[in-house]
């Protein structure tokens, strides 16, 4: 089937090549926000193991990657990075200039994507993170040489159904991986430690973990809604000689700030290694 010119957003047909957790999270966000109708989403995977989740959302499924590209002009490639080059070679014969192709795979540069696809193909990279599953993701996107403003705006509008999305230079994508992709694990480690401090002082475990998680959620909302620098909010919580400044002093003695900065640096450097930079 030949792909026709891009319709309006209300008629958008979206494809997913690869049907893992992140692909499912994006599809779920699009559907819940009313951006794309479930029956207008087509996903492919080698087996039914993950496709069953797409069918549960009301989406169409197939085992043919080419079928997805032939029937959808906006296609997300959400395969494992080492698989993506072979997948792109498989679908390249049915890619047209009408397509917008979006890679979710870490470590595959825009220039590599463009080399593996027909000339003038419109490609973008996105870097999502796990909270996209609950539509609270922090995402960045970078566009290829042939991708126009309207293409980028369309993708950004869609992705905002899954959280916050900002367009960045490609050089920032690996930094985002270290800050936000890996950062989810860093925040979980801090939440766990915060709760364990309360458990040590006698609070029941379940209650401590719930309060720690809510503290992180509330603090994040304050930072985003007020637009304040974290240092200002921290200062607002501190009173001279109070409990908070004593606790902060203990964190500084433990090297929390330096350890966190080093964690983001290490994760970013590893992302760059995987990208072959």
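Cβ from N, Cα, C; glycine included.
Record features (TrEMBL):
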- 65: NADPH binding site (BINDING)
- 78, 79, 80, 81: NADP(+) binding site (BINDING)
- 13-107: domain 'Pyrroline-5-carboxylate reductase catalytic N-terminal' (DOMAIN)
- 170-274: domain 'Pyrroline-5-carboxylate reductase dimerisation' (DOMAIN)
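A map of TrEMBL features onto the structure.
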residue	record	Cβ within 10 Å
65	NADPH binding site	23
78	NADP(+) binding site	27
79	NADP(+) binding site	26
80	NADP(+) binding site	11
81	NADP(+) binding site	14
- Query: What are the other residues, in sequence order, whose C-beta lies within 8 angstroms of the center of the C-beta atoms of 78, 79, 80, 81 at the NADP(+) site?
  - Reply: 18, 20, 77, 82, 83, 84, 87, 104, 105
- Taking only the Cα atoms, work out how far residue 80 (NADP(+) binding site) lies from residue 65 (NADPH binding site), in Å, as a whole number. 14
- Query: Which whole-number value in Å describes the distance between the Cα atoms of residue 79 (NADP(+) binding site) and the residue listed as 'NADPH binding site'?
  - Reply: 11
- Query: Between residue 81 (NADP(+) binding site) and residue 65 (NADPH binding site), how far is it from one CA atom to the other, in Å?
  - Reply: 16
- Message: Cα-Cα, whole number of Å: the residue listed as 'NADPH binding site' versus residue 78 (NADP(+) binding site)?
- Response: 12
